[in-house]
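Asker: Annotation source Swiss-Prot lists domain 'CHCH' at 18-64, citing sequence analysis. What Swiss-Prot lists as disulfide bond is CYS21-CYS56, CYS32-CYS46, and the listing cites sequence analysis. The motif 'Cx10C motif' annotation in Swiss-Prot covers 21-32 and is backed by sequence analysis. Residues annotated as motif 'Cx9C motif' in Swiss-Prot: 46-56.
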Amino acid sequence: MVASCKDQKKAVAICLQRSPCVMIERHNPQECLDNPELNKDLPELCIAQMKAFLDCKRGIVDMTKRFTGNAPLSTGKYDQQYENLCKGKFDPREEMEKLKLLNSQQKD
């Protein structure tokens, strides 16, 4: 994976880990994305981040962006959060509150 899309990829992974589909219903993130029944209940924030990630990936092969560049290189902004979620070092209630807060900010 090109370095310019790593932050978007981790943002999607974190959002999916915080989603009710994973936290409450105990599905894995891939099932939440692939299954249309589960997919319709994903938070808008996760869907928006997924679209940004896919646009970034599309930009990698887009010849018009070869000269202007796709996006800035990865900043490592989500590395620690991603690491904690992967290793299970988190409080599920706190993560659900973060998702609700982020989702409510996006609707405003």
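From the backbone N, Cα and C atoms, a Cβ is placed for every residue, glycine too.
Here the structure is a predicted model, which means the values were calculated and not measured.
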Asker: Hey, which bits of the same chain come close to the motif 'Cx10C motif' (21-32), Cβ under 8 Å, at least six residues off its ends?
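Answerer: Same-chain residues near the motif 'Cx10C motif' (21-32) but 6 or more away: 13, 38-39, 41-42, 92, 95-96.
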Asker: Please list, for the domain 'CHCH' (18-64), how many residues fall into helix, strand and coil according to DSSP.
Answerer: 33 helix, 0 strand, 14 coil
Asker: Quick one: among the disulfide-bonded residues CYS21, CYS56, which has the most Cβ atoms sitting within 10 Å of its own Cβ?
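Answerer: The largest 10 Å Cβ neighbour count belongs to CYS21.
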Asker: I'm trying to understand the geometry here, so how far is the Cα atom of CYS32 (disulfide bond) from the Cα atom of CYS21 (disulfide bond), in Å to the nearest whole number?
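Answerer: About 6 Å separate the Cα atoms of these two residues.
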Asker: CYS32, CYS46: which of these disulfide-bonded residues has the highest Cβ count within 10 Å of its own Cβ?
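Answerer: Max Cβ neighbours within 10 Å, all protein chains included: CYS46.
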Asker: Can you grab the distance from CYS46 (disulfide bond) over to CYS21 (disulfide bond)? Cα atoms, rounded to a whole Å.
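Answerer: Each residue's Cα considered, CYS46 (disulfide bond) and CYS21 (disulfide bond) end up 11 Å apart.
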